Amino acid sequence: MDVVRTAIGLMSGTSMDGIDVALIRTDGRGFIERGPFLGMPYDAEFRGRLKRALELARPLRDRNERPGELREIEQELTLRHATAVTAFLERFGLAANGVDVLGFHGQTVLHRPDEGLTIQIGDGRELARRTGLSVVYDMRANDMVHGGQGAPLVPAYHAALAGKFQQAGEAVCFVNIGGISNLTYIGADGRIAAFDSGPGNTLIDQWVEMQTGRTYDPGGEIGGRGKVVPALAQRYLDSPFFRGNVRRSLDRGDFAPLRPDEASLEDGARTLAHVAAASIVKSAGFLPERPSAYIVCGGGRLNGTLMAEFSAMAEGSRVLSAEAAGFDGDAMEAEAWAYLAVRSLDGLPLTFPGTTGVAAPVSGGVLATP
């Protein structure tokens, strides 16, 4: 009988807006019992520090290198994650000795799959020491060692959630709209295909922050007042990324932000929401078949302008928020990291040829004990 474990997942994504903490009970296979979720936003000063980490990581060629200031930021990030775990346990009245493992993503500061290089800052051993819990971390590296792109990793969890659609004979596609958007297709026969689809919230967030100092477009309200600037949209959609049959994973720096004088605030936000939606649809053309439904998770599902654009382009497929499909769109990535941590403990694959391009299914992750 497969062992059911209690796991907490910790996710800090490319939007760099905070730490998501979620608990599940799972056997790392088909049994999943979802528990509580807590989002802990970063303050503006630390968000600035994480952006600085992106600059510091740019010249690195060794994934284990942490020069000076980057090491300091890593230590602070790790401490914040330890604090988040403590706050989560206290908030929901949970005992640490009832948790079997933490799944720790860390913060991606560099991802260059063509060079076989990915760097996530966050000290798993220090997190284990501070929390007194076992930690599985560094889950992307082994995939890249075996020729994969190192992303996306969440599809293994999406596949486990897709059972009710498979039972109905439906193909479904999970769309995670974070800083970068990615797709996970699960066919009625269980076939999985997954890849990054293009820019998600990153370009919108960068534009709104540049123009207003706010960190995102709440509800898509700003974009909703604007109009699409076709020439600007086409500049993004003509990217070589959308051509050719080989899908690759993306870094948030792969698409340059708009220049400040290229559009009004509203038109820029609307154009970039259009680009995010059109990127999903263009990339979905590489899926084995058109899904009957798109299940949208991640922060982008809360941008009404983006969702309206996507729904209008979806060519007959249903577009549902994660909540409408019975899931929690805020918690899903953190839940996935908890699920992957349990799979790692059991030596089960985290990635597959159809998700990262790895030659054969491989496990991954490093275990740190207190």
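Heads up, the Cβ atoms here are built off N, Cα and C, so glycines get one too.
According to Swiss-Prot:
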- Gly13, Thr14, Ser15, Met16, Asp17, Gly18, Ile19, Asp20: ATP binding site (BINDING)
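Mapped onto this structure are the features recorded in Swiss-Prot.
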residue	record	CB count, 10 Å
Gly13	ATP binding site	23
Thr14	ATP binding site	19
Ser15	ATP binding site	21
Met16	ATP binding site	23
Asp17	ATP binding site	21
Gly18	ATP binding site	19
Ile19	ATP binding site	24
Asp20	ATP binding site	23
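Sitting within 8 Å of the Cβ centre of Gly13, Thr14, Ser15, Met16, Asp17, Gly18, Ile19, Asp20, and not among those site residues for ATP, are the Cβ atoms of Met11, Ser12, Tyr42, Gly178, Gly179.
DSSP assigns Ile19 (ATP binding site) to a strand.
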